[in-house]
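Residues or ranges marked as signal peptide in TrEMBL: 1-17. Look at TrEMBL and you will find 10-441 tagged as domain 'Major facilitator superfamily (MFS) profile'. What TrEMBL lists as transmembrane segment is 58-78, 90-109, 115-137, 149-167, 179-198, 264-287, 299-318, 327-345, 351-375, 387-410, 416-435.
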Amino acid sequence: SHLTATLLTSILAAVLGSLQIGYHTGNVNAPAKIIEEFFNHTWRARHNQSMPDHSLTLLWSLSVSIKDFGALLGSLGVKFLVDSYGRNSILIVNGLSVAGACMMFASKASESFEVLILGRLVFGLFCGLVMSMNPLYIQEMSPTNLRGAFATLNQVSFASGILVGMVAGLETVLGTEHYWAMMFSLSLIPAVTQYLVLPFCPESPRYLLINRGEESRAESLQRLRGRADSVFAELEEMKEEAGHTQSGLTVYEFFRKRSYRQPIIIVLVVNLGSQLSGFNAIINYSTRMFQAKFDQAKYLTLGVGAVNVTFTLVAFFLMEKAGRRKLLLTGFISIAVCNLLMTIVDSALRSLQVLLVFCLISAYELGPGPISWFIAAELFDQPGRPIAMAFTSMLNWGGKFVLALLFPPLLKLCGAYVYLLFMTVALLAFIFTWIRLPETKGRTFDDIAAEFRGAEGIPLHNKTGFNTFT
């Protein structure tokens, strides 16, 4: 498909949001002790005594996890904003990122850890909204044969942000007593860039035609495709989809609608399978896991970030060749094997355990990581898509939040056997994906939705040996 400058600019402008989210996910790991000392110093200045250790630990845990909780709350606003404002909703919620970063930056000067925690909460609201809006906008802008690859760029940007955040958080860069507040403010650079670029990008033609009924404006598709023949065919496909959809879908109707039942279950299993199979525990606690075994744990954690970025790029190039099903199946079964081996590996074999951590991250980013964020946008028609993406965001951020809270006590209670729980989740997700998930590669939105409108999705085997819907 012809790649135009307008299409590429629109997608790159959109994914600047996920770059900010990745940055604030990766930058708090290394300088944790320095920021904890700021908490303690602030408390001493107010009360003339140090904060008790257990209170300090609890406050730091709250500071880290409050972002995920904010994201969970933010997910609730996706449908209203997307239906009301379309592409402009990305620009509107970008204001939350700017406000959150400014609060985090100001916390040191104001000598208030409450401002830091509030800043992460506000930034969390941005996370929950934009990680649903980005895949929606990207998929509606992209040609069918590049839709999955371009949607994967959202995860590439997120993973790149994590790596940049990890580097910025090092004590040799900005993770110091003097510069940690400045470190939090750097996300303002992509935020301001998005304000400068995205207003000049076109609105989603699919949103204009199906949601707003503005066919004349939907012809802005010409700017995105560059060829009149492909524009005409795509507009006809949109009109056909519009004829099959109902307007003004409520959340209650979404969960009651018969043709949505199977896609809802697929989204539930794929997302929870991705979030509860161990990846997030490793990302959150990799420095602590490595500290017990290696002197330079912080730099080994950078290896985690580098592998993360590398395999999201691999997924980008494979997405339209291998398809969603094969990448998900390969990812889930590989994650299950890695978790099993991490249970078995003797504590003396530290280097092998690090290798397994890298393999698990690779398997996650090869399929479950990127696909879990955008598969809902492909399985639902236009009216159901915003609610489905809000549902996706809630599952993803909710899964991260629960795992962040439960992993430390589970590790203390079960030891290495905790990885068997992750293995079980990955295996269940693999089995369900094998049986129920249709391949969406190279198919129009209306074609995919027609399967669920029809025979309620009876899986049959195709000649490649993978279950599919026909």
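Just so you know, glycine gets a Cβ as well, placed from its N, Cα and C.
Automatic prediction, not curation, is the source of TrEMBL annotations.
For the transmembrane segment (115-137), the most Cβ-contacting stretch among 58-78, 90-109, 179-198, 387-410, 416-435 is 58-78 (pairs under 8 Å). In terms of C-beta pairs under 8 Å, the stretch of 149-167, 179-198, 327-345 lying closest in packing to the transmembrane segment (299-318) is 149-167. Pairs of Cβ atoms less than 8 Å apart link the transmembrane segment (58-78) most often to 387-410, out of 90-109, 149-167, 179-198, 387-410. Tertiary neighbourhood of the transmembrane segment (387-410): same-chain residues 64-65, 68-69, 71-72, 74-79, 82, 127-129, 131-133, 135-136, 249, 251, 254, 263-264, 267-268, 271-272, 274-276, 280-281, 284-285, 372-373, 375-377, 379-380, 418, 421, selected by CB-CB distance under 8 Å and a gap of 6+ residues from either end.
Between the transmembrane segment (264-287) and the stretches 90-109, 149-167, 351-375, it is 351-375 that has the most C-beta pairs under 8 angstroms. Long-range contacts of the transmembrane segment (351-375) within its own chain (CB-CB distance under 8 A, at least 6 residues past either end) are made by residues 131, 135, 138-139, 148, 151-152, 154-156, 159, 266-267, 270-271, 273-275, 277-279, 282-283, 286, 289-290, 293-294, 300, 303-304, 307-308, 310-312, 314-316, 318-319, 324, 327-332, 334-335, 338-339, 341-342, 345, 392, 396, 429, 437, 440. If you look at the transmembrane segment (149-167), the same-chain residues 6 or more away from its ends with a CB under 8 A from one of its CBs are 11-12, 14-16, 18-30, 131, 134-135, 138-139, 141-142, 173, 283, 301-302, 305-306, 308-309, 312-313, 315-317, 319-320, 365, 369-371, 373-374, 377. Looking at the domain 'Major facilitator superfamily (MFS) profile' (10-441) alone, the prediction's average pLDDT is 89.
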